[in-house]
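Some notes on the structure that comes next.
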Amino acid sequence: MAMACHASGGLLATAGADRKVLVWDVDGGFCTHYFKGHKDVVTTLMFHPDTNKTLLFSGSADATVRVWDLLANKCFATLERHFSSLTSMAVSEDGWTLLTAGRGKVVNLWDLHDCVFKMTIPTYEVLEGLCVVKSGTELASFLGSCNLQSGKRRDRSSSIYFITVGERGIVRMWDSERAVCLYEQKSSDVTVSSDTDDSPRGFTAAVILPLDQGLLCVTVDHQFLFYSLVVHLEEKFKLMLSKRLVGYNEEILDMTFLGEEEKFLAVATNLEQVQVYDLESMSCSYVLAGHTEIVLYLDTCVSSSGRPLLVWSTDGISDDADQPINLKSKAVVAAHDKDINSLAIAPNDTLVCSSSQVRNLQTIASLHSLYNYFWLNEDSLFMEAARSASGDKTIKMWAIANGSCLKTFEGHTSSADGLVKQWTVKTNEFIATYDQHEDKVWALAIGRKTEMFATGGGDAVVNLWYDSTASDKVEAFRKEIRGIEELLEGLIPYSQRHFSRIDRLVRSTFLLDYTLHGMSVIEPDINATEMNDADNKLLVEKGDQEQELTSEMLKEKAPAKKRKPKKSKDTSRKKVKGDAYTSLAPIPLMV
C-alpha cells in the first residue's frame, strides 16, 4: 500500500493492509525495524529528508499520523487532527514543519520540535498529492511574484510554499503563512475528470522534478503529465503542459492516421477523449475532449491548405459556441429490421452501405449471407464492390451491381486469437499472419503513404507494422560485395602455392630428424599413436629387433679381437659405425 526510501538509499520502509510498518536494509535484505500501532490500513510513508534525523512518518486510514524514532525503536508521537484517510505528507525546507494532507479537504501543519499542531489550511478538495517548493527554484520565484502582486505580504522567512493536487485534476499552489491559494489552473488536463461512476478521478500524486525541470503529476488513468513554467504575456508566468506519457489505454476501439504525411495517429479508447500520438516519439501530443460518452469510431476528412480566404454567413447561428446546432435529416430509409452495426460511404459519395444483425448488407440491392452478424464493411477503392467481416470468421467481397458474392476469405481461427492476416484480393491468396496481440483486435488503420498499418485491441496495446521488403533488399545489396567471384578465383593460385610451400617445410623437418638420428645426435622418438598405418608400426618393431641383434654380435666379437695399432683401431671403429648405419631400419615419413 505504501513505500518510502531513505535519503541515504540504505533503508526502505513498506506498509500495507496488515497495519504494520517494516523497515528493511537494502544491502542486506533483512528487516531492521517492526512497528505496529495503527488501527487501519497504512496509506502513506515518508522518511525525514534530513539524514541526521532518524524519523519515519506514517499516515493511515484511521486519520492519524505516527512519528517513529528509528534509534529508540518506538513511536515518538501520534498526530490526531484529521478526520479522514491520509494520502500525502511533506516536510518543510528547514526540516521542522510537517505538512499532512488527506481526503478531509484540509492541509495541517505541525511543529516537529515538540510535535504540536500549528494550523489548518482548508482546500475544499479531496487531496491526493502534496509537495513543498524549495527556495531558490523557478517555482519559488514564480510564487514570490504572485505573492507580491496580491499586495499583502507578511514575514517571508516563515512562509512555506506548497503544491496540492486532487480529485479536480488541477494544480494549485499555496502560501502557508497567509493560508491562501496563489495560483490555480483554469482548466484540467486530466482526460477523466468526471465522477459519475463513484470512482476516484483526477490526480493521484505530484512530484517536483530536480534541477528546475518542472512538475510531474500522475493521473488515475495511468498518465504522466509534465508541467513547466513559461513566461506569458505581460511578463506573467503560466504552468503549461509540456509532455504527456500514457501508461494504459484499456481497450483500443478505433484508430486512424492524421495529416498529409501521416505523422500522427488518432486512437479511441474506453474514454470520452481521443488521444493523438506522434509516431516519431510515440508520445501523446494532443487530447481531443468534447464527447460525454465513449468514442467508438474515428474518421478523417481532407481540409483546406489554408491559403484560400473563405467567407461564411453566420446569420441565424447563436453566438454561444457551446450551444449545439440543430440539424435536419434529408431522408430516412428503413433498411434493416435489427440493430445497424456499421456504415460505409463510397469514395464518390454515390452509395451508402450498411450492415446489421439480420445477416445482410443493404445498399441498392440486398447482399445476403447465410452466416453470422456483420461488424465491419468498407467500399472498395478499385471496383464497385463491398467488403464485409462477420462473426463467422470469414471475409466476403460483394458485387454491388447484382448483390452476388465475389470472393470469400477464410483462415481465421477465432475472434479472440489476436491475429492479423494479409490476403491478396486478385488471387484470393493468403500471404502472411502477424501475431503480436494477446486479445481481440478491434482497430485497424492503414497508411496510404507511409506503407504501414496500426492495430489495437483489447490488450490495450497499439502495434505499428512497417513494410520492410524494400529496406531488406537494400540491406542485402549493401552486404553483397561486387566482384567477389573474380576476387576468389585470383586468390586460389596464391593459396595453392602457399599450402605447397608449407607442405615442403613440414617434410623437410622430418628429413632433418632422420638425419640427426642417424648421426646419433638425438634419440628416436616414436609415438605409436601418431602412426596411422599398421604396416609402419611393424617396420619400426622389426628395425628395433635388428638393432638389438647387431649390438649383441658386436659385443661377442669384441673380446676375441687382438690388440691392433691405433690406426687399425680407427679403421675398425669406422667399419662398425658403418655397419650400424646400414643395419638401421627405415623410418617412415608422416606427411
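Every residue gets a Cβ built from N, Cα and C, even glycine.
Noted in TrEMBL for the protein shown:
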- 1-27: repeat 'WD' (REPEAT)
- 35-78: repeat 'WD' (REPEAT)
- 79-112: repeat 'WD' (REPEAT)
- 434-465: repeat 'WD' (REPEAT)
- 480-519: domain 'U3 small nucleolar RNA-associated protein 13 C-terminal' (DOMAIN)
- 545-579: region 'Disordered' (REGION)
Residue numbers, six or more beyond the limits of the repeat 'WD' (35-78), whose CB comes under 8 Å of its CB atoms: 1-8, 11, 13-17, 19-23, 84-91, 95, 98, 100, 102, 104, 110, 112, 115
Intrachain neighbours beyond the repeat 'WD' (1-27), with Cβ under 8 angstroms and 6 or more residues off its ends: 33-36, 38-47, 49-51, 56, 58, 60, 68, 70
Helix-strand-coil residue split for the repeat 'WD' (1-27), DSSP-based: 0 helix, 15 strand, 12 coil
